[in-house]
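Found this in TrEMBL, in case it helps:
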type     : residues : note
SIGNAL   : 1-22     : signal peptide
ACT_SITE : H61      : active site
ACT_SITE : E115     : active site
ACT_SITE : H119     : active site
Amino acid sequence: MAAKGWFILKLLMFQGLFISRPQEDFDFFYFVLQWPGASCDTNRPCCYPTSGKPAADFGIHGLWPNYNDGSFPSNCNPDSQFDRSQISDLVSSLKQNWPTLACPSNEGFKFWEHEWEKHGTCSESVMDQHEYFENALKLKDKADLLQILTNSGINPDDGFYNLKKISNAIEDAIGFTPGIECNKDSERNNQLDQIYICVDTSGTEFIECPVLPRGRCPTRVQFPKF
């Protein structure tokens, strides 16, 4: 009986290693910003939020926990549902800096709910819901991408720019290499779509990316108007 009891105890301890390991373990964040001119210049529908056309600026897409091998956790805690009351003091800033372009037109809460439940719940080991959105807003303040690019003569004027020049301008400003994703408009022009900046596990400091997203961009890309 003693041997059997010891076996059961060891089994429970072994299982406990997996039960106690946080589901939201991850290695870094992708902080992802999207250019609305590219998002709205494709074949998929684009709608302005109920508050009106967003500013011609990069908007937050999300703050995404990632693993060093390029994979990522998602929907880590179904019990941690989005609660708009927890971010009531941030809503005005979120509408400005994290606007929705989804159809039909809406305030943005559906977008933020999706980002929290898919990605934010996987970072609860380091931040709660309010901190998740607040940290993303602070990161955007630290990386004013539009200002960075225009300072280097890269403007949203439908012109085509060297991809390396875009990357170098951002790296010179923030100190780290960004990831860049492109999409294609209805005329098959490759457009600057999303910028990925890597962030440490605290969700507050930029770092060099352990792995860059597999963005498909040619050597020259269009920076479309919005």
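Cβ atoms are placed via backbone N, Cα and C, with glycine included.
Just so you know, TrEMBL annotations never went through curation; they're auto-generated.
Let's see these features in context: how buried, what's close, how far.
In sequence order, V32, L33, Q34, E115, Q194 make up the list of same-chain residues 6 or more apart from H61 (active site) whose Cβ falls under 8 Å from its Cβ.
In sequence order, G62, L63, W64, P65, S74 make up the list of same-chain residues 6 or more apart from H119 (active site) whose Cβ falls under 8 Å from its Cβ.
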